[in-house]
Amino acid sequence: MSGQRTSAESDAAPGCSLRETRQSHSHHYPAVASGVAHPSTNTTTTTTTASLDHCCLAVFTWGRGEDGQLGLGDASDQEEPTYVDALRGVGVAQIACGSGHTVVLTTQGDVYTWGRGDDGRLGHGENMWKYVPRLTLALRGRNMVQVTCGSYHTAAVTSTGDLYTWGGGMYGKLGHGNEAGCSAPQRVDALVGLPVAQIACGSRHTAVVTATGGAVYTWGDKENGVAGHGDTEGHQYAPRRLERLASTPVTQLSAFGFYTAVGTESG
């Protein structure tokens, strides 16, 4: 595992292959995320240098910290919400938790990850653990608008609808046509020309809703019908449209563990 650091890190990512405790009850929480054993929240800060028409979000984490997933600079557990000081001054728009790792999207369209690094799930081009948030330079300048995590993989969407995935590739859940893992973000080329509006990750599968027509594409493990294509044998290595929903535009998407749910325009 990597050495422990106390401030947000930034390193270049090669290609594919502190603490401040605040009384959380006084804040408004616009977003909450939870991993296997470490919840986290975004909360509107009471002091901000942002302009009057927007505000930055602070991040609080708590629970199991053995992999550095709390972002507090060490591997200690936390029994109550604790402020992630390494993100002070970083406007956070979204947060998601995987199995031992955490990812945030900033208001500037950047992505930070930290925690358990095996399988390349942090996207920094190697498999080292990170104990504080670290900028994913491979995505810098791409204007990311959404992030999410599975147990061992991570995904992010650009403002133009391109999807990038990285981490463990078992079951084909990265959507790159094979089971190879990827330690840095890689674009899902099978979806080029099909801008992604929403992304969701389960433990062994991934699903998206397209911006045009609300079509659903899934890939990854087929066991228990997880991929949704009517069979339970083998794996789906590339995005495949769910024909069962072809005539029903989807507006909401969620996935967790080994199942998926959607909401449609018709309710």
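Including glycine, each Cβ sits where the backbone N, Cα and C put it.
Listed in TrEMBL for this protein:
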DOMAIN    59-264  domain 'RCC1-like'
REGION    1-47  region 'Disordered'
REPEAT    57-108  repeat 'RCC1'
REPEAT    109-160  repeat 'RCC1'
REPEAT    161-212  repeat 'RCC1'
REPEAT    214-266  repeat 'RCC1'
PLDDT averaged over every residue in the repeat 'RCC1' (109-160): 98
Residues of the repeat 'RCC1' (214-266) by DSSP state, where helix covers H, G and I: 6 helix, 26 strand, 21 coil
